[in-house]
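S.K.: Supplied in structure tokens, the structure appears directly below.
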Amino acid sequence: MTVKVTVTGAAGQIGYALLFRIASGQLLGADTPVKLSLLEITPALKAAEGTAMELDDCAFPLLRGIEISDDPNKAFDGASVALLVGARPRTAGMERGDLLQANGGIFGPQGKAINDHAADDIRVLVVGNPANTNALIAQSAAPDVPAERFTAMTRLDHNRALSQLATKLGVPVTDIKKMTIWGNHSATQYPDLYHAEVGGKVAAEQVEEAWLRDTFIPTVAKRGAAIIEARGASSAASAANAAIDHVYDWVNGTPEGDWTSAAIPSDGSYGVPEGIISSFPVVSKDGKWEIVQGLEIDAFSRERIDASVRELVEERDAVKELGLI
Ligand code: NAX
């Protein structure tokens, strides 16, 4: 059966890196035909048409159609996967309240359109920042959709952490298991090496503590800014790659003996207040994310997790105050 995948911000730079990979079968697998729905704001519809022309010109065997719209009600109609990439970026001098308000104006109506028109099996991944809180806004506008279908992306942070550690130890990334990003997709995020394993041994014990604290954590957390500095534009292909990884694992399951990171609604695990969309160590089973349970959290990790979760609680309280959730 053909699966409809809706991508918002389709004419943007992540959209350009993402759409071709979806159409080539990398999002859902080589046996699943896809229909793409491109949602954009009106001034960007022409650019989206250009991208659609290029998608046509690839003659992808699995691509069964492309729709373009500036109306969320149409764009999400019948969708089983929604990748919410388009967002209002923070511009110079913009206060947090203004940023949240502007994004509420995007993710509230999109959540409602998903609620009213998407397929029953809809899965939502929010990429557009502030991703965790935008996901919370969309989710609260979609009361008829199970809350756990709304997720936010920390897979790029996860992949960055894998790559930094692999380089440090001179091992292939495939030797590393059980990496975790905790908390918010922001500079407060906590990439955890106390549960990660390399060759079956705890990663934190294979690196110097000073490297872990003063190099690894800030390098992963500030990688987005370093990319902007080097490239003159924010991460695009790597962000698209992470979105593909997130949805592929959600649909197809995570490998036995390993886990990944995703921001999902908290059930109260690890002291993260229920309902907050926070990144956790997760496995995917039977098409559902589950938080890995029973990990011991030492004092250092506790402090880091709490700091990032505090930021998420503040964002939640701010959007509540603004009437956005
Ligand atoms: P671009 O500015 O290139 O593209 C964004 C696109 O969204 C534009 O074409 C714009 O017209 C469209 N758009 C804006 N409002 C919309 C609406 N209401 N409906 C539909 N489309 C709308 O940004 P890009 O580099 O593609 O980044 C997109 C988002 O991803 C940003 O919010 C960015 O901060 C976020 N990121 C998130 C990451 C993560 O790990 N979670 C990492 C990469 C990236 O920084």
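Placement of Cβ uses the backbone N, Cα and C atoms for every residue, glycine included.
Any TrEMBL annotation is an automated prediction that lacks curation.
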S.K.: Pick from Asn129, Asn132, Asn134: which one does TrEMBL list with Arg90, Arg96, Arg160 for the same substrate site?
M.R.: Asn129
S.K.: Identify, among the recorded positions Arg90, Arg96, Arg160, His185, the residue whose Cβ has the fewest other Cβ atoms within 10 Å in this structure.
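M.R.: Output over recorded positions Arg90, Arg96, Arg160, His185: least Cβ neighbours within 10 Å is Arg96.
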S.K.: How many Å lie between the Cα of Arg160 (substrate binding site) and the Cα of His185 (active site, proton acceptor)?
M.R.: 12
S.K.: By CA distance, which of the binding-site residues (Arg96, Gly128, Asn129) lies nearest to His185 (active site, proton acceptor)?
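M.R.: Comparing Cα positions, the candidate nearest His185 (active site, proton acceptor) turns out to be Asn129.
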S.K.: For Arg96 (substrate binding site), which of the binding-site residues Ala11, Gly15, Gln110, Gly128 has the nearest Cα in space?
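M.R.: So, spelling it out, the nearest of the binding-site residues is Gly128.
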